[in-house]
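Database features, via TrEMBL:
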TRANSMEM  39-58  transmembrane segment
TRANSMEM  78-96  transmembrane segment
TRANSMEM  111-128  transmembrane segment
TRANSMEM  135-154  transmembrane segment
TRANSMEM  186-208  transmembrane segment
TRANSMEM  324-342  transmembrane segment
DOMAIN    334-617  domain 'ABC transmembrane type-1'
TRANSMEM  373-395  transmembrane segment
TRANSMEM  449-468  transmembrane segment
TRANSMEM  474-496  transmembrane segment
DOMAIN    649-871  domain 'ABC transporter'
REGION    928-952  region 'Disordered'
TRANSMEM  988-1012  transmembrane segment
DOMAIN    992-1271  domain 'ABC transmembrane type-1'
TRANSMEM  1032-1058  transmembrane segment
TRANSMEM  1117-1145  transmembrane segment
DOMAIN    1309-1543  domain 'ABC transporter'
Amino acid sequence: MAEDTSSPMDRFCGSTFWNATETWYTNDPDFTPCFEQTALVWTPCAFYWAFVIFDFYYLKASLDRNIPWNKLNVSKALVNLGLLVITALDLIMALVKKGGDSELPLYDLDVWGPIIKFATFLLVFIFIPLNRKYGVQTTGCQFIFWFLLTVLSIPRCRTEVRLDAERQKILNSQQPSEQDFSWEEYQFVSFFIFFTFTSIMLILNCFADGMPRQTKYQRGENEIPELSASFLSRITYQWFDKMALKGYRNPLEEKDLWDLRPQDSCSEVMPIFAHHWNQNVRKNYKNKARVEPKAQFSNGNVTFENPHGEKNGRKKGMASIMPPIYKSFGGVFLFGALMKLFTDTLTFAQPQVLSLIISFVEAQEAEPEWKGILYAVLLFVLAAAQTFILGQYFHRMFIVGLRIRTALINAIYRKALRISNSTKKESTVGEIVNLMAVDAQRFMELTTYLNMIWSAPLQIGLALYFLWQQLGPSVLAGLAVMIILIPVNGVIASRIKTYQIRQMKYKDERVKLMNEVLSGIKVLKLYAWEPSFEKQVLDIRDKEIATLRSTAYLNAGTSFLWSCAPFLVSLVTFATYVLIDENNVLDATKTFVSLSLFNILRFPLTMLPMLITNLVQTQVSVNRINKFLNSEELDPNSVLHDSSKPHPMSIENGEFSWGDEITLRNINIEVKKSSLVALVGTVGSGKSSVVQAFLGEMEKLAGVVNTVGKLAYVPQQAWIQNATVRDNILFGQTYDRKRYNKVIDACALRADIDILSAGDLTEIGEKGINLSGGQKQRISLARAVYSDADLYLLDDPLSAVDAHVGKHIFEEVIGPKGMLARKSRVLVTHGVTFLPQVDSIYVMKMGEISESGTFDQLVKNKGAFADFIIQHLQEGNEEEEELNQIKRQISSTGDVPELLGTVEKAIKLARTESLSDSISVTSADSLMGRGGSLRRRTKRQDSHDSVASAASLKKKQEVEGKLIETEKSQTGGVEFAVYKHYIKSVGIFLSVATLVLNFVFQAFQIGSNLWLTQWANDQNVANDTGLRDMYLGVYGAFGFGQGLCNYGAAISLFTATLHASSRVFHRLFNNIMHCPSEFFDTTPKGRILDRCSSDVNCLDLVMPLNIRMVMSTAFQVLATIVVISLSTPIFLAVIVPIAFLYYFAQRFYVATSRQLMRLESVSRSPIYSHFSETVTGASTIRAYNVGDRFIEESDAKVDKNQVCKYPSVIANRWLAIRLEMVGNLIILFASLFAVLGGQTNPGLVGLSVSYALQVTQTLNWLVRMSSDIETNIVSVERIKEYGETKQEAPWELEQDKNKPKNWPQEGHVEFQNFQVRYREGLDLVLRGVSFNIKGGEKVGIVGRTGAGKSSLTLALFRIIEAAGGRISIDGVDIASMGLHMLRSRLTIIPQDPVLFSGSLRINLDPFEIKTDDEIWKALELSHLKSFVKSLAAGLNHEIAEGGENLSVGQRQLVCLARALLRKTKVLVLDEATAAVDLETDDLIQKTIRTEFKECTVLTIAHRLNTILDSDKVIVLDKGQITEFASPTELLDNPKSAFYSMAKDANLV
């Protein structure tokens, strides 16, 4: 073997390391044995040692432990041991057989070869028990290692087999040979054992290990297969097949989805993010006093620090969410970046191989065929590797995006529970929800592209480097073009940005206004005000569309620039190249390698501007989120909990404000243990503010507030969750039947619950829509009582309930003998009746406490309190026995004659009155005594309970109790009708124009490329400059045509889609406004808003881009197929099977993906509706201190949304891998056929392969975008569904125009055998009611709850349509008129005053048809004039959302002013004596008596003094009229129900 050992490697082996003649320049290529035993073995080993760090990382990051021994890991260990033995044996045998005495020399290879292998196998072996212990079920590094080792050993197999054959030949030849082949024989055997073992290891590594025994999180039945999928299955996403198949067979449902991966759940993501956020917040403070430990996840609880910090720590600046995001999620992101780097490198290897293929075709005869095949296969391998790595990269990025979204949603949610009132004033609920819905979502969309920031410049740099090699300095000309285009784009981008901000602003405005319109829809319908508000919304929408239109033109501009860019660049570069120097000639290699490099360039160049606009948008979002997360929070220390103070609740020298001027000053209140303290005073004197001060909701300017113990709070306006009645009362506590029943009876809810369809399991709509004010208030009270707290803050809980219920509640709950007798209570009240029974009274006046003391002391003082009582008694709405009580109380204090006189008068008045209708709430007898009725009820109640527990009833109840219909997510394919609907909205002309322009554009593109081929192959160009210039000119012309068509296509498309989305929205909104009111009862507002915001947004912004992409990619794919088939017609044979593969992947994917997207959007809205509910009820949540529970609920909803989101991300990757492999097959066949097909035209080969190289991406985009269209067309479907809901009767009818201007002149109302039900399938609420009211009569309507009083008025306004019979006004059947005609000629003062944000003027007169004088007159009569005069803006005073900045009483007066402005012949008064203090109520009554003297007035009465002087009384019972006569007549007849009501109250 004494060869010339020249290189160190040759010396190492003792034989040649590389022999080019043998390997490359031959028809039968082979490697040298030395190369096979070193390079081909060490490459995999080096790879493993380099990347083993990842294996260690996975051990550390694993959440599981302890995989049991099983067949798989035991066999792995055994085979690995076998390999260790074999390699050790190799070393020993080498030392034995060679070296020393034997004539065979011992080379370094014989020693080091086995040692390197041994070390590597040992490392792999160590990981087997380690992975088992740490629960790692599969590792990528090992799989790749075994894969490389097996593949790279194949050449040696061939060598060894050949050598063996040669040896056999020598041995078989007759002459006896002296040669000793024992070493070679040994190597032959040992190598094949080694090869078998590596192959077995490779196969074993294709499977994942068993399930770990210990897991940090419970692994359910439904766990995601990914967790226990093998590496191979993970990179091919084969574990997703099951779901794809399931989704293809029948539409997926929620139960088919897998559980969330623990790493992505809130409970894993949040602590990390919170930890980094808190660090960041602390960095912003100069005083680094506190060192915080890591964010612990104590009982599922993450604390976020307040960026506002303590008052003393000075702030350096805003805490931003960006650093915490980098720190929390940067690791995965960096790993992704590494993969991106790999793929970028692989991308540039492809043009190099292409140039090899072209030169192979040029030198067809000279080169052996195997090289061509090698190049084709190499191209395929490169593409395939790129596919797998990119798949993992995108997957990683999506995960980061999902986690960031989770973190942000949760951070925003937690913050919303703590923002101060001044912050809350700055933004509406809608805007805060938008932070979550839009801004947090932005991040998710961005993460995938974020790496382009460094990757794009890198790709551009590399492309330029390779181009320089092809074309030299002329590349600079092309580069110059690109660089010039960037600032142009920048300018356009910044314009787009300003438009976008504007569009966001309009969108916020529109959603906010629609939110209010939907909240107050009932009122709008009663007033017939829909057109005015519809116009307001549509005006904003038009502005929004105008902004979008400008954006669209700019977008078309950018797309024009970018489609021209690659072409311009290649034109300029080629022109410069051929014009610089006569000798520069374009040949096929130069042309097509440059073209494919330009194609590579195109992607980063297109991405950069997109990325920049995206970044800019995200920056806007980041700023919005930062502003919110940094906004001021309530000071948790404003209320102390110092148990050493003598009393459980106290305020000392308190001064408080709501953020601007001081609202309360000099407040000193003490609440002794187990005492009841009342706060009284007129409307707006600051009673509620004191309660808020105790809760810490107000800004404390001075003084000390102290509360000790658990709080319960009943707000003035009850906050009811969208849940069952029982859940609202339990409010997260456990259900204790006895206590619960006690509470229900005490709060007088038993009767209401019996009325409800499913008892206390009835679901309550959003904001308690299907409950009356009194019921809401009582549920809110029951919640407080059930919570069994120590301190009770009751903000006027008795205002919304009827007098008797009020009395019952006071006695059973609040008073000295009630359930709360042992607690410390603060009661804000308007009534005088209960004041003698409270322990002390504080009288509020103008935000100060004017006096305080017990009832007797205050009466003696003759101060503000005495006036308050006198004024109160004059209204005369107390019951006689209560007055007697007050009288006894006052006379016992002695020496207050004027007060006593007033009381006497009031008693006389009360005797003449009679009981109100509402005894009925808990039926008269049960409340007013009648002996044992209460005891009887408790007995009955127990039996009622045992019955209710019967399962059958329960099921029925749950079904009946569902008010809100669950959102249907459509299943299966989107019907063609939806597309037709959309195309119709777009318009036929524009649709066709867009298609044609795109087609022409593509034709130009193919033309220009074929022209280039022609040019490159033309041999005469070299010596003929004229010919060259002709080629150049035509090429340029082609490009110009391309640009124009592209611009035209973009413009026509954007115009078309905008036109469509504007029409669709008009139709949608118009339809929603025309929906009957039952639609709004059964559909949550959030769902309608979702249609109007996110679905419309989808049509505005997403659809146009999607359609654009689909068109361009579809034409591109077509072009590719055309070009390849032109150059190699045989390709058409392969296209059919490939198309089949493609079609199947696409069908499977679309079916699954679309359904996943639907499920995802259905699971998304609960996050937002829960959030907006939380924001509205924040003060109640804080008072009860259940923030953590709500945070958990929110987390659960976010997780549930991720459960739907994650599979759809995976579906994308699953598809991408499969499609790109299809694309890679196209590359393989295009290049193989080009090489083998004997194609001699290098230009065409170049063209077809460079087209094929692009096809992978294009195919991918095509499916992705077409399925995106299918997914987003769901928005059209959802909007279409709402556009086709049942409509109410038409608003205007032709024949209405003939009616006189002042109809109805008489006001004569007649009901004839009238029947009505609330919605289809429910029982009748009015069953054949007949009565006749003459014009100008005043009629009172009484009856117990649910007797059908309100149904009567709703029927009069046709809010609910007749089921039989008729109503006529002035002899005209109201069913024959347009709704607006009818509603605008009747007036109503509704029960709850609804105001809209906007000026006071708009609230009184939305159509702006009244003069200022008329408005001022109305304000004067409704006693608001002085108040409005005192406002700076007067009539233009801005009213906050829902009228928040007026007191409830003032809102009621505004409603009265509306009625006065309208003043029609028929007035309906739905008594709203609830929230108004008696003074206001009195004013309203007086005004109505004087101003509506001539009119027919129908009053739904709650208190008798309002209807005693009426002309007639209607007594309703169970939907039928039992009595209809004048009050005196009824009282004279002892048999009448009216009389018996009066008798029950001891009034007759």
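Using N, Cα and C of the backbone, Cβ positions are placed for all residues, glycine too.
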Tell me, please, if the transmembrane segment (186-208) and the transmembrane segment (78-96) are in contact, taking contact as 3+ Cβ pairs under 8 Å between residues separated by 6 or more positions?
-> yes
Proximity verdict for the transmembrane segment (474-496) and the transmembrane segment (449-468), three or more C-beta pairs under 8 Å | yes
Other than its close neighbours in sequence, what residues sit by the transmembrane segment (373-395), given a CB gap under 8 Å and a spacing of at least six beyond its ends?
-> 235-237, 336, 339-340, 342-343, 346-347, 349-350, 353-354, 356-357, 360, 448, 1209-1210, 1212-1213, 1216-1217, 1220-1221, 1223-1225, 1227-1228, 1231-1232, 1234-1236, 1249, 1253, 1256
Beyond the flanks of the transmembrane segment (324-342) by 6 or more, those residues with Cβ under 8 Å of it = 269, 272-273, 275-277, 279-280, 389-390, 392-393, 396-397, 399-400, 403-404, 407, 443, 447, 450-451, 454-455, 458
Annotated stretches the transmembrane segment (39-58) and the transmembrane segment (135-154) touching (3 or more Cβ pairs under 8 Å) | yes
Please indicate, using numbers and ranges, the residues of the same chain that are 6 or more beyond the transmembrane segment (1032-1058) and have a C-beta under 8 Å from a C-beta there.
-> 545, 548-549, 552-553, 555-557, 559-560, 563-564, 567-568, 571, 574-575, 578, 986-987, 990-991, 993-994, 997-998, 1000-1001, 1004-1005, 1007-1008, 1011-1012, 1015, 1099-1100, 1103-1104, 1107-1108, 1111
Model confidence over the domain 'ABC transporter' (649-871), as mean pLDDT, sits at 88
